[in-house]
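Reading through the structure tokens given below for one structure.
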Amino acid sequence: MNYWERAKELKDEIISFRRNLHSNAEVGMNLPSTTEFVMKKLKSFGYEPTQIIDSGVVATIGNGQGPCILLRADMDALPMTEESGLSFCSKNPGSAHTCGHDLHASMLLGAAKMLKENEENINGTIKLMFQPGEETFQGAKAMIDTGILENPHVDRALSFHVGAGKAPVGVCAYNDKDAAMFSSTGFKINIKGKGSHGATPHESIDSLNIAVHIYLALQELIARETNPSTPALLTIGQISGGSTSNIIPETTMMQGTMRTVSKETDEYLKNRIVEVANGVAATFRGEATVSWLPSVPPLICDSEFTREMLGYMKELDIPGFMPVGDTTASASEDFAIVLSHIPGTYMFLSAGFTDKESYTAHNPKVLFNEDVLPEGSAFFAHCATRYLENANKIEK
């Protein structure tokens, strides 16, 4: 089967998948409407999908013998209100597909349909992974813990992420040398002081003041303690304390993330965050407790497999296809957990508009170009089929 030609024929159907998922955006690990839609479509194609965790869907195709490749798409939205102005915008207040996961799931559904149509030519196993909870860094780990990489054992894994902005459809960013994405380690700092009236600050231990000093001190970890040749980021995204203008708060909470491509830098920063928080809090007579949130390692692609997949993608001869190598994104992705277990690759497919005002992912006004959908479906299906063909030749 020529997957690109067939994907173009299915374009309107794949778009309809995306618009249904987009308008029913759901957040986190509990995606009932999304899961029901995906399960229903897979069954209509002839699959027997299962939920190995709540809202984590798996389906397989092939003869169950020989090599096995995993194709993964995330499905969760973000906890925000959409402002795109689209006719099919999210109907769920406070939930919006502003990172493109609706496109990922739709591309994999399109691939699933084509693969089923071509099942007689699949020699091996293709495992389809529809995952919740990527944004919370919980979904991939939960599905791995429940056995998605076994029965049959997965040999390789492939996933894509769409990108917004000005880059046209056809641009494909990848990295076959270094980390494709940063690690992410989330943390929370709870600060305890002593509350008082705003008119008697001398009788307080101002937890909010301590938080401000901790915030400033943490910036120096990047500016003065990390090697500039090793990228590292530290962001405080939330400081919460106090209830009104004339009460000095007894407690304040801070949350943030640190990101890097180095395990050594990650460990160093974790230790220093604790030392800085405790030291600054003690300086101002308070206490600080650091706790760690779900995290992911750097996303490292297998060099040989990445180049193999790029070769298959070029075989489709899609107009405008433009691979761009040596790309490292400072964002993070829990597919990195999958790739810490098995070799695989992760690439970015541009879904931008050259003629419209652009916004980044996670912006309430972001738009994604639906022309990327048949391209992504074709890449999923063709790469998986060709991988199995080549792996079978090597085994023989």
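Cβ atoms are placed via backbone N, Cα and C, with glycine included.
If you look up TrEMBL, you'll see Cys99, His101, Glu135, His161, His362 marked as Mn(2+) binding site. Over all protein chains present, the Cβ of Cys99 (Mn(2+) binding site) has 24 other Cβ atoms lying within 10 Å.
The domain 'Peptidase M20 dimerisation' feature in TrEMBL is assigned to 182-279. Averaged across the domain 'Peptidase M20 dimerisation' (182-279), pLDDT for the predicted model comes to 97.
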> Of His161, His362, the binding-site residues given in the record, which has the fewest other CB atoms within 10 A of its CB?
Replying inline: His362
>> So, three-state DSSP: helix, strand or coil for His101 (Mn(2+) binding site)?
In response: helix
>> Treating G and I as helix alongside H, and B as strand alongside E, what does DSSP give for the domain 'Peptidase M20 dimerisation' (182-279) in helix, strand and coil?
In response: 39 helix, 35 strand, 24 coil
